[in-house]
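A.B. asks: What follows is a structure written as structure tokens; I'll ask about it next.
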Amino acid sequence: MENIMTLPKIKHVRAWFIGGATAEKGAGGGDYHDQGGNHWIDDHIATPMSKYRDYEQSRQSFGINVLGTLIVEVEAENGQTGFAVSTAGEMGCFIVEKHLNRFIEGKCVSDIKLIHDQMLGATMYYSGSGGLVMNTISCVDLALWDLFGKVVGLPVYKLLGGAVRDEIQFYATGARPDLAKEMGFIGGKMPTHWGPHDGDAGIRKDAAMVADMREKCGPDFWLMLDCWMSQDVNYATKLAHACAPFNLKWIEECLPPQQYEGYRELKRNAPAGMMVTSGEHHGTLQSFRTLAETGIDIMQPDVGWCGGLTTLVEIAALAKSRGQLVVPHGSSVYSHHAVITFTNTPFSEFLMTSPDCSTLRPQFDPILLDEPVPVNGRIHKSVLDKPGFGVELNRDCHLKRPYSH
């Protein structure tokens with residue numbers, strides 16, 4: 001009889017943060033909104049707060065970057081560690097160190113589903129259907145997968161059953177789809193800059209932006225719009241039809257997450273051939289089931305916000321059973337290892353984090369070391385062939401650990 005590998009137990013869990021409201025300057029990292037000045041990601045992008053003129057020009061003006069980056073590290077009895085990052089900052093540190101630690105320490109490194117279910121159940125009364133608590137749980141879950149992969153010496157995608165394709169092809173999200181085309185991406189997704197409070201003039205301005213990019217990019221390059229929860233059904237429908245002559249591939253997250261009936265109506269009234277997508281700010285498997293039932297074409301969970309890799313795998317299976325695509329919100333290595341195993345994820349998102357979109361920069365820079373970026377718009381599976389998620393923690397980022405246990 002062959003010997004079965006004996007796996008160690010988890011000895012410690014620790015939580016740090018960088019950036020956020022108490023930082024002197026933008027720190028980047030897991031909270032990619034936490035950037036310095038003159039960055040496209042903070043330049044008059046339409047949001048639910050745009051109707052208030054004081055908060056229209058900058059998303060940082062209403063506090064989009066106050067949380068900062070949460071870093072969770074789990075250490076096994078043998079000294080090996082796994083870690084992950086997300087958006088939850090100092091408050092996430094409190095949740096990990098003062099509540100979730102009891103479900104982690106003492107468990108076997110392979111007990112990921114058990115820990116996940118206990119974290120969900122224990123926080124249900126104060127987590128709702130997403131947000132800060134779910135971000136924190138997601139970060140712990142990802143750290144556990146990283147540790148498990150490092151202990152057994154396998155990349156996470158092989159723990160999930162292996163790749164179903166040789167490479168991942170990407171579209172780029174940023175202000176310059178024309179530059180994304182030059183870099184080899186298959187498409188470019190732009191933020192909208194106007195909303196219902198701007199009336200028909202706002203629709204004309206965003207449609208003109210799409211028309212301009214269509215002229216620059218040619219007829220076949222994908223163009224998409226990210227509306228970031230800033231619209232209502234009427235406005236979104238009118239904008240979709242205004243952009244239809246320019247072959248807009250999809251219109252994304254037009255409505256707040258809870259407006260399921262609105263998404264159903266938008267899908268029903270959208271131009272033929274134009275896809276309706278959403279899911280970035282949804283958390284929990286149950287919310288994605290409701291979203292799937294609206295009939296949208298692509299669900300876009302963020303693996304760092306929806307419940308982690310454990311939940312993302314469940315969402316992908318749910319979508320597959322309904323013939324829907326899952327294209328996760330850009331999450332770098334944490335989504336790369338998942339999507340290369342999903343048959344219903346034919347492409348993925350890469351978020352441009354350089355200020356003017358002119359260069360490729362790792363999404364979670366500077367907190368991750370050895371974080372890969374696409375080459376000619378693609379990442380080959382061989383790039384992912386390192387234990388765990390294949391990245392290391394940059395401990396020179398002035399990590400702060402505000403709590404302990």
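Glycine residues also receive a Cβ, built from the backbone N, Cα and C atoms like all the rest.
Predicted, not measured: the structure shown is a model, and the values here were computed from it.
Look at Swiss-Prot and you will find His33, Arg59, Glu349 tagged as substrate binding site, backed by sequence analysis. Annotation comment: Swiss-Prot describes Asp226, Glu252, Glu280 as Mg(2+) binding site, evidence class sequence analysis. According to Swiss-Prot, the feature site 'Increases basicity of active site His' maps to Asp302. Per Swiss-Prot, the feature active site, proton acceptor maps to His329. As annotated by Swiss-Prot, site 'Transition state stabilizer' applies to Glu349, with the evidence given as sequence analysis.
Burial and contacts for the listed features, if you can.
C.D. replies: A sphere of 10 angstroms centred on the C-beta of His33 (substrate binding site) encloses 20 other C-beta atoms.
The number of other Cβ atoms within 10 Å of the Cβ belonging to Glu280 (Mg(2+) binding site), over all protein chains shown, comes to 21.
In the three-state DSSP classification, Asp302 (site 'Increases basicity of active site His') falls within coil.
DSSP assigns His329 (active site, proton acceptor) to coil in the three-state reduction, outside any helix or strand. Residue environment of His329 (active site, proton acceptor) contains 22 other Cβ atoms, counted within 10 Å of its Cβ in all protein chains.
Cβ neighbours of Glu349 (substrate binding site) (same chain, under 8 Å, six or more residues apart in sequence): Phe170, Tyr171, Ala172, Thr173, Lys189, Gln300, Val327, Pro328, His329, Gly330, Ser335.
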A.B. asks: If we check Cα distances from Asp302 (site 'Increases basicity of active site His'), which of the binding-site residues His33, Arg59, Asp226, Glu280 wins as closest?
C.D. replies: Glu280
A.B. asks: What does DSSP call His33 (substrate binding site) in the simple three-state scheme?
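C.D. replies: For His33 (substrate binding site) - judged by DSSP and reduced to three states - the answer is coil.
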A.B. asks: For Arg59 (substrate binding site), just give me the three-state DSSP call.
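C.D. replies: Looking at the DSSP assignment, Arg59 (substrate binding site) belongs to a helix.
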A.B. asks: Specify all same-chain residues, apart from the site residues Asp226, Glu252, Glu280, whose Cβ lies within 8 angstroms of the center of the Cβ atoms of the Mg(2+) site, ordered by sequence.
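C.D. replies: In sequence order, the nearby non-listed residues are Lys189, Cys227, Trp228, Glu253, Thr277, Ser278, Gln300, His329.
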